[in-house]
Amino acid sequence: MATRVVVGTQWGDEGKGKYIDMLAKDSDMVVRFSGGNNAGHTIVANGVKYALHLIPSGILNEGKTCIIGNGVVVDPAVLLKEIKELNEKGISTDRLLISDRAHVIMPYHKLLDELQEKFRGENSIGTTKRGIGPCYSDKTERSGIRMCDLVDEDEFVRKVRENLKVKNLIIEKVYGGQKLDEEQVISEYLEYGRKLKEYVADVNSIIFEAIEQGKNILFEGAQATFLDLDFGTYPYVTSSNPVAGGVCTGAGVGPVFINEVYGVLKAYTSRVGAGPFPTEQNNEIGDRIRELGWEYGTTTGRPRRCGWLDLVMIKYAARVNGLTALAINHVDTIGKLPKIKLCVAYKKNGQETRNFPCSLKELAQCEPVYEEFDGWDEDISNVKSFDDLPDNAKKYLSRIEEIVGVKIKLIGVGKEREQTIVVN
């Protein structure tokens, strides 16, 4: 049995989907354990581009059981759209399952998300306005609606009527918005429930049964360490726990059953939306990285902020997630720059540190300490082994391993999943 977890080590968009898709080939089951459709995986397989926001990337591998775990919040309309688009491209969703414990994103969640962000004004946190945060808030408040409720029509109607009494008051009286039509919400969502009923199951039992049978299971992370509600750059974070520990609560799997944890990173750093970014290059270098790496959000289309790779962050991510391996992307991209910088420490009040601070005020006082490397402006897209990489690339990658203290096992040298070096 092998149970692997794949997590992002930065602010998301590291290219996790590519490695999840690759590792899924050796897995019997792929499980998504956190987040919602505010995250997106883009995979290019056999020349076809797939953008997935809820369904596990493993769906592209025939015969794999793909599970949306209880830690995920589900927008039924988005999920049904993804199912339809996959089916139209010849991809079967017969082996897709959704946890009966997963919470449902309702129209009032999306409306409140938008109204709250508008209310914050210049203090906005850059939410995607897809209702993720308000849905998780209801989950914590114990007023949420779960998939088991969505497919139980009487229970669903009761809960919606109860919730809308409060939600419509908040929408109207606090934010000055227009209240939602109760009957329209009920009618729309009952239809979603009927269409999704065949996919809803007690997936926790199914996962545990697979573990007992010695099956290979891949746990697919969305977003990343520095967007984690507890360990990220709070409050510029998501509303869930995308770190490896999120598997335990988001899929109902005890830590003793986790064998390997892969941390995915880019050879540089990017971020969407507001929040701190110590190595950001708000200049021609940042613009060049953005264009070379085509750094625009899968979900929002927003241009990403770009900068140098920050190993203080990666080392912190290695500790928080218990990483056993690194998987690095865009090695081909960063090498096109003549000079490359690598942040190996921070300097604060004249003192060097390799610890990532909790306080954003303290983080703002930290200056990156850089080491400089020469680029390798040559085509490496067909390189199949570490030894065949340019010397400058090998120096760069070896320094990353040395400082982080975790071996690089997968190296991305292009967009296709075949353009990956597996390091033994």
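Including glycine, each Cβ sits where the backbone N, Cα and C put it.
Residues or ranges marked as GTP binding site in Swiss-Prot: 12-18, 40-42, ARG304, 330-332, 412-414.
Annotation comment: Swiss-Prot describes ASP13, GLY40 as Mg(2+) binding site. Packing around ASP13 (Mg(2+) binding site) is summarised by its Cβ count: 26 other Cβ atoms lie within 10 angstroms of its Cβ, all protein chains included.
DSSP classifies GLY40 (Mg(2+) binding site) as coil under the three-state reduction. The IMP binding site annotation in Swiss-Prot covers ASP13, GLU14, GLY15, LYS16, ASN38, ALA39, GLY40, HIS41, THR128, ARG142, GLN223, THR238, ARG302, and the record cites sequence analysis as its basis.
The annotation active site, proton acceptor is assigned in Swiss-Prot to ASP13.
HIS41 (active site, proton donor) counts 25 other C-beta atoms within 10 Å of its own C-beta, drawing on all protein chains shown. Per Swiss-Prot, the feature active site, proton donor maps to HIS41.
Long-range Cβ neighbours of ARG302 (IMP binding site) (same chain, at least 6 residues apart, Cβ-Cβ under 8 Å): VAL272, GLY273, TYR296. ARG302 (IMP binding site) falls within neither a helix nor a strand when secondary structure is assigned with DSSP, and so counts as coil. Annotation comment: Swiss-Prot describes THR298, THR299, THR300, GLY301, ARG302, PRO303, ARG304 as substrate binding site, evidence class sequence analysis.
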Ask   = Where does GLN223 (IMP binding site) sit by DSSP, helix, strand or coil?
value = coil
Task = Could you measure the widest C-alpha to C-alpha distance across ASP13, GLU14, GLY15, LYS16, ASN38, ALA39, GLY40, HIS41, THR128, ARG142, GLN223, THR238, ARG302, the residues recorded as binding IMP, and give it to a whole number of angstrom?
result = 34
Distance, GLN223 (IMP binding site) to GLY40 (Mg(2+) binding site) (CA atoms, angstrom) = 8
Key: Cβ-Cβ neighbours of VAL413 (GTP binding site) (radius 10 Å)   = 24
Query = Any idea which of the binding-site residues GLY12, GLY15, GLY40, GLY301, PRO303 has the thinnest Cβ neighbourhood at 10 Å?
reply = GLY301
Ask   = Looking at the binding-site residues ASN38, THR42, THR128, ARG304, VAL331, which one has the fewest other Cβ atoms within 10 Å of its own Cβ?
value = THR42
